[in-house]
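The following features are taken from Swiss-Prot:
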| type | residues | note |
| --- | --- | --- |
| REGION | 2-580 | region 'Interaction with MYB' |
| MOD_RES | Lys69 | N6-acetyllysine |
| MOD_RES | Lys156 | N6-acetyllysine |
| MOTIF | 238-256 | motif 'Nuclear export signal 1' |
| MOTIF | 261-279 | motif 'Nuclear export signal 2' |
| REGION | 1152-1344 | region 'Required for nuclear and nucleolar localization' |
| MOD_RES | Ser1160 | phosphoserine |
| COMPBIAS | 1188-1202 | compositional bias 'Polar residues' |
| MOD_RES | Thr1191 | phosphothreonine |
| MOD_RES | Ser1219 | phosphoserine |
| COMPBIAS | 1249-1258 | compositional bias 'Polar residues' |
| MOD_RES | Thr1251 | phosphothreonine |
| MOD_RES | Ser1253 | phosphoserine |
| MOD_RES | Thr1256 | phosphothreonine |
| MOD_RES | Thr1277 | phosphothreonine |
| MOD_RES | Ser1303 | phosphoserine |
| MOD_RES | Ser1318 | phosphoserine |
| MOD_RES | Ser1329 | phosphoserine |
Amino acid sequence: MAEMKSPTKAEPATPAEAAQSDRHSLLEHSREFLDFFWDIAKPDQETRLRATEKLLEYLRTRPNDSEMKYALKRLITGLGVGREAARPCYSLALAQLLQSFEDIPLCDILDQIQEKYSLQAMNKAMMRPSLFANLFGVLALFQSGRLVKDKEALMKSVQLLKILSQHPNHLQGQPIKALVDILSEVPESMFQEILPKVLKGNMKVILRSPKYLELFLLAKQRVPTKLESLMGSVDLFSEDNIPSLVNILKVAANSVKKEHKLPNVALDLLRLALKESRFELFWKKVLEEGLLKNPSWTSSYMCFRLLGASLPLLSEEQLQLVMRGDLIRHFGENMVISKPQNLFKIIPEISTYVGTFLEGCQDDPKRQLTMMVAFTTITNQGLPVMPTFWRVTRFLNAEALQSYVAWLRDMFLQPDLNSLVDFSTANQKRAQDASLNVPERAVFRLRKWIIHRLVSLVDHLHLEKDEAVVEQIARFCLFHAFFKTKKATPQIPETKQHFSFPLDDRNRGVFVSAFFSLLQTLSVKFRQTPDLAENGKPWTYRLVQLADMLLNHNRNVTSVTSLTTQQRQAWDQMMSTLKELEARSSETRAIAFQHLLLLVGLHIFKSPAESCDVLGDIQTCIKKSMEQNPRRSRSRAKASQEPVWVEVMVEILLSLLAQPSNLMRQVVRSVFGHICPHLTPRCLQLILAVLSPVTNEDEDDNVVVTDDADEKQLQHGEDEDSDNEDNKNSESDMDSEDGEESEEEDRDKDVDPGFRQQLMEVLKAGNALGGVDNEEEEELGDEAMMALDQNLASLFKEQKMRIQARNEEKNKLQKEKKLRRDFQIRALDLIEVLVTKQPEHPLILELLEPLLNVIQHSMRSKGSTKQEQDLLHKTARIFMHHLCRARRYCHEVGPCAEALHAQVERLVQQAGSQADASVALYYFNASLYLLRVLKGNTNKRHQDGHKLHGADTEDSEDQAANCLDLDFVTRVYSASLESLLTKRNSSLTVPMFLSLFSRYPVICKNLLPVLAQHVAGPSRPRHQAQACLMLQKTLSARELRVCFEDPEWEQLITQLLGKATQTLQTLGEAQSKGEHQKELSILELLNTLLRTVNHEKLSVDLTAPLGVLQSKQQKLQQSLQQGNHSSGSNRLYDLYWQAMRMLGVQRPKSEKKNAKDIPSDTQSPVSTKRKKKGFLPETKKRKKLKSEGTTPEKNAASQQDAVTEGAMPAATGKDQPPSTGKKKRKRVKASTPSQVNGITGAKSPAPSNPTLSPSTPAKTPKLQKKKEKLSQVNGATPVSPIEPESKKHHQEALSTKEVIRKSPHPQSALPKKRARLSLVSRSPSLLQSGVKKRRVASRRVQTP
């Protein structure tokens, strides 16, 4: 070791080494420098920007002329590269470089660009790259910000762009566009000087291209005097120029169809028209009569964008002209007939334009109102085309919002159809249906839209709610939904509102649905600042007060649906109850009841009969629940045989849930959350009866599920009215096709036997069935044929009616089933509230089996509709997440402990009898939940007792036995475990029992004998593997170890070792996949047992396992070599040697390594690894590597000579080492180890020859060469690869570490070597193979 450490000091660097180090540093910088240009051309924008920043930073920190010249040359070359996507990247990098280094002359750069990509000397192949290189070069000069300051470079650039504009096939209008961008930033004096050179005085040339027109407009804007002196007085909007302007705008629209933006030339023309007071002429002649005469979608969208962009520029009169012209009608028609994908593109753009306009005139409410009214009045046969929910309303100030609501209200009351910008589509015009053009239909469509727009103003999330506006809308909706005016009175402003068209039932029905939508908005959207007005009362309470006031003014107002005396008494009683609840408003329960009472009270105007009964029941329940002594009231209810108030309330909530109202659903959840602490078993049974699959399938429910058919028919009629009439023909065709298909399906069905019999009888009665012998009979007469036809017609008519009745019955049943499933999903809300808010309620335990029945039935159901899936998912989520995994659970289970144990047994048995393992998992988890309930109460008492009295473990176990019957539970789970380990197909799984064992180690302790019995018993291999797996997972658990005393634990480990040893007798004889899995499992179990023995230092006799394993070594080795079960044989072999290592037997080296290190007499000199690559010819083999009869001493001496010779440059083929691969030979040929360090072979210090043991294997020349090179690179003397056995492993690991640690520059040693290699060999592919050389260097660092 001393001899190895002595050469670690590096020798003084020679002058040649110092020069090479400098060149190495320069080369490293060059690599980093050159990598920037590769990253600049990458498609990722962040990578490009990062590379450009690093390049600029590199050039700033290293001001080197050669690198700056190379950078400019490389960037200029990149302007015309073949990859078109990379050209803008190089242009941007060049612009930033010129911006950072202002001392670089722009004219020189421009000259270099024109020299590199000469337009005069370019051939056909280089034409396109050269043109783009010059264009991007000029753009780079302009983007640097220095071009407008350098007059000479500017003139050259303008001239170059003018030349490039002569190649429109490649560059299109990009040169003129670049020229316009440049001239828009130059000073006015320079613009006047450049203008004559770029703009000719011919208007035909200007009106030929949008870019030239844009240049003309720019000149007219900046230097109008110079332009007039150059071209004279020009009227751009003359009659002669109108067609040219239209064509130019069409070309401009097509040029930006992919960018989806407004062309600049269109907006410039608009500004010029406004400046010259020619806006009306431009709008009508150019846009409406020109572009929209035969519009394409590009021209139409350009006009729409121009409309939006012009809004902030127009006056009040001009806005009226624009918003009531042909263009706005074309916009509305496009909104109606466009496909959804196109509609979704234009609506956000128009919304952005309108939002910008409204935001810009916040201080002008009149202008905001004009814009909102203008877009509202764009109608298609009375229906506005804009959506009712429009986000731009958030920009309205309070005054404009108030005025807009007033305008909507007035338009609803007295629709002014003449003020609308109405239109009809082409299909609507062709239909010529008189019923579609009547004013009543247009009024209905307009009023329906206005109602939803009013509600959306309140519903909008981003709108700052003004209480006056909210109250105005709410009062308007409530009054006209449920009341009518008899006589106007100043006390009720709504009575002064008169209708020019009577309010029909359809509009009133829309009003009713919109009113309850408004209630939901006021209840949900304002929850952050609860739905309270300034006086602290909810909006629903204020609306109820308003309704009560209207009912009291029966001389002036009457309700649409007249209330009977009983219904009016129910209303008055509700108002008195509300006052009582208001006095107790501090209680959350009172608030919930108040909310329910208000909502049901408002429903009395919609359905008086039903709401009246519900109101009475609710008030009775509220009064009973608010009594001071609820126990006394319950006993009084029992004595009088009346239902408990909470039961009545649950029935009411279930009936309210049957209504398809989300608002009612939320209110029911809220109210039930307050009454669930008072639930009785009868209440729970009412809810579970709704969920029971058997009850729902076999019996009619007590709760009638309503679907509000009238409302749905109304909504359906509204949808039909809102749809486009041009789709009616296609819909009728589809209906006829569907009818034909259904008739064909009916005919294809199996014929009813009864109908077949009737048909045969009719035919026999008419003598239409002739036998074989009746061929000569005469044909039927006309009267007989007519009678037969009538009989057949009546028979088929009856059959058709029967089929139709069956179909109607089937549809009815499907509809009822759908309503029932929807009702069950809603009823699950109550279960979810109960489980989440009252997890410790004793009634929770009664939910397990009903929920399991729902899950089981839903998973077995064949018709897996969406509702079935929703019901299953919601039930499973409540069961698993809210029930089984709840942190809190019931603690009062003492009286029902016996029933709970029976339920555990029943659940486990049901889990084992399921056909689906996924269903069995739910049953098994339910049993685990019950175990936790039983065990949790025990633990709680045990902890209290432990704290107070310091009871020992045995006493606590006795106490546990009194509460949790461990023997009973053990028998139950033992039977299920036996079922798992004996049945061929069992629904139980291993993870189920692993979960049981991890949660309840005491039960696991009792079940261990069952597992041990099946490890070595006459079980199936798969069952033995399962038993081994469960044992392996559980024995390593710390919780299980605590349950055992030390002698008991040692006895268990000894017993399991004996079982495992007995099973090991069959190791290596696997013939099937199950047997092979058993072998893996038993070895994993054995490793776990041995690890436990070693870790806890148990006194266990390991002789038997060792003997069995040693006897199986040869068989396993043969199995591995033969490749039997190749997917797991290596794993099996590794597990085997892990066990042997824990038994004290080290794993020998593999035969592959031995054959490589110690070649036998019969083996080829080439290693097994190199044999796979091919054999060497005899002439290439190294002589005397190992001859026959060679002694170990001679072999070692010959290899020592080989080490010495390896330090000298190889000259002849006979001295070459054996083949080590193509790449290795190339590296050796390029540079020998002695040349790497800059010294000759004579200067290389001779290695020492330590004493060699005869039994020491010699290293192969490949390993020797790796060792030698690594040591020479670091300046150390190469160590002989022949070492004693005791030092070999330590030497291999230590050689690299010590040399690198003692080297003066440990991290730079290998890069220096790589650089010196490159400098010596002068490889031209240095930069391209950087990654390859880094990989080679990393391999050289590794220890051989």
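Numbers here mean position along the shown chain, with the first residue as 1.
Placed from the backbone N, Cα and C atoms, the Cβ positions cover glycine too.
The shown structure was predicted, so the numbers you read here are calculated from the model rather than taken from an experiment.
Non-local neighbourhood of Lys156 (N6-acetyllysine): Cys107, Leu110, each in the same chain, at least six residues away, with C-beta under 8 Å from its C-beta. Long-range contacts of the motif 'Nuclear export signal 1' (238-256) within the same chain: residues 172-173, 203, 207, 209-210, 213, 262-263, 265-266, 269, 285-286, 290-291, 296, 298-299, 301-302, each at least 6 residues beyond the stretch ends and with a Cβ under 8 Å from a Cβ of the stretch. The average pLDDT the prediction assigns to the region 'Required for nuclear and nucleolar localization' (1152-1344) is 41. A 10 Å cutoff on Cβ-Cβ distances gives Lys69 (N6-acetyllysine) a total of 11 other Cβ atoms nearby, all chains included. Sorting the motif 'Nuclear export signal 2' (261-279) by DSSP state (H, G, I as helix; E, B as strand; all else coil) yields 13 helix, 0 strand, 6 coil. For the motif 'Nuclear export signal 1' (238-256), the number of residues in each DSSP class (helix H, G, I; strand E, B; coil) is 14 helix, 0 strand, 5 coil.
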